[in-house]
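Engineer: What follows is a structure written as structure tokens; I'll ask about it next.
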Amino acid sequence: MKKIVVLAGDGIGPEIMTSALQIVKACLPSNPYFAFESYAFGGQAIEQYGTPLPKKTLQACQQADAILLGAIGDPKWENAAYTPEKGLLDLRRALDLYANIRPIKVTDAFLPFSPLKEQIVKGTDLVLVRELTSGIYFGEKKLSATEASDLNYYHREEIRRILRKAFQIARTRQRRVVSVDKANVLATSKLWRKVANEVAQEFPDCQLTHQYVDSAAMKILQQPTAFDVIVTENLFGDILSDEASVLPGSLGVLASASHSLSGVSLYEPIHGSAPDIAGKDIANPISMILSVGMMLTSFGMKSIADQMEQACYQVMEDGVVTCDLGGNTTTTEFTDAVIKKLGGY
Ligand code: NAD
Ligand code: IPM
Ligand code: MN
């Protein structure tokens, strides 16, 4: 029995989590393979316990076989002494989740919904590998009434391990890694590029190229099919992945997995709590469904992950589409349609 810690979180987090759990349970109807246990996290935990990352939640995560996270955050907690976002960063750091894997795949079901031309996006299948536990997010911060600074710090070992991860993933794919940096300006990027070249020596069967982040931001939209694996630092990865969500047509369809070297992994959508649509039962749950799929795949249950993913695309092709993609299906209706497609109900 695998123990899965569920952190539904804030805003649309609980809505998409409910959907994804219903779907995965429909796929494993009489199989007590997973024990799902919910814990407070984010703003919801601030309300209940006065902290976004209660000790009990962290302990449960440390002892879990996997963690599923919906989303956290809301403007109402942005001035809290300890914000939901800081709670998320602390959780990532505590579990050493340095490797954030964000697949961006435009399957044919998305083609009618992408704002970009079909000939540009068709066939897009790239993986963005984002360093998640260092860089400007975690360097020293200073803030006074007149001055502020954020230190962008990287140790070569932090660069080395994320580059290795990217090459390992590339070996299961087309063996092409693009390392994205700003080495024409930033010292951290100069070190990044040097270490990337060193790590590339360990993977002579793979190709490494370097690209500046500004030009990569353009190329991702202009010629997304040119990419196989993109590896980049924390902040660039955050920005480029939201940008890349324009390719399939919505932030609400992109999933992620965050891994440490040997501990528990966490699975979460790349988007946030979407306060603008929370509580309306209109969020797209595909991001969470595919995140659960990434968890299943890591447990050797890829065929079930594939079934869930294909069922989502099939219902989209039937015209069952949430409003972020221009449809008018509710989260509940979408969930029911996927379960029906999977043979449940
Ligand atoms: P957001 O990602 O929550 O939303 C951006 C836009 O995308 C909104 O218009 C939203 O409605 C839409 N959107 C996002 N997910 C969707 C879905 N599944 N279905 C349909 N539409 C969807 O970004 P934001 O509004 O800048 O941030 C809101 C809050 O979320 C902030 O507090 C932020 O810090 C937090 N946040 C949390 C995470 C996380 O939990 N990992 C990630 C990003 C942002
Ligand atoms: C993400 C989010 C987080 C990040 C925030 C909420 C701290 O945007 O997971 O992409 O910037 O890493
Ligand atoms: Mn983000």
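Residue positions begin at 1 at the first shown residue.
Glycine is treated like the rest: Cβ placed from N, Cα and C.
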Engineer: Out of R130, R176, which is the one TrEMBL records at the substrate site of R92, R102, D214?
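Structural biologist: Candidate in the recorded substrate site: R130.
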Engineer: List the same-chain residues at least 6 positions away in sequence whose Cβ sits under 8 Å from the Cβ of D214 (substrate binding site), in sequence order, or say none.
Structural biologist: K182
Engineer: I need the least crowded one of these binding-site residues (D238, D276), counting other C-beta atoms within 10 angstroms of each C-beta.
Structural biologist: D276
Engineer: How big is the NAD(+) site in terms of the longest C-alpha to C-alpha distance among G272, S273, A274, P275, D276, I277, A278, G279, K280, D281, I282, A283, N284, in angstrom?
Structural biologist: 16
Engineer: So which binding-site residues out of D214, G272, A274, D276, A278, N284 are up against ligand 1, CB under 6 A?
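Structural biologist: By the Cβ criterion, which requires under 6 Å to ligand 1, the hits are G272, A274, D276, N284.
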Engineer: On the three-state reduction of DSSP, what should I expect for Y137 (site 'Important for catalysis')?
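Structural biologist: Assignment for Y137 (site 'Important for catalysis') reads helix.
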Engineer: Under DSSP, is R102 (substrate binding site) part of a helix or a strand, or is it coil?
Structural biologist: strand
Engineer: Please report the Cα separation of I282 (NAD(+) binding site) and R92 (substrate binding site) in Å, rounded to an integer.
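Structural biologist: Here the two Cα atoms lie 29 Å apart.
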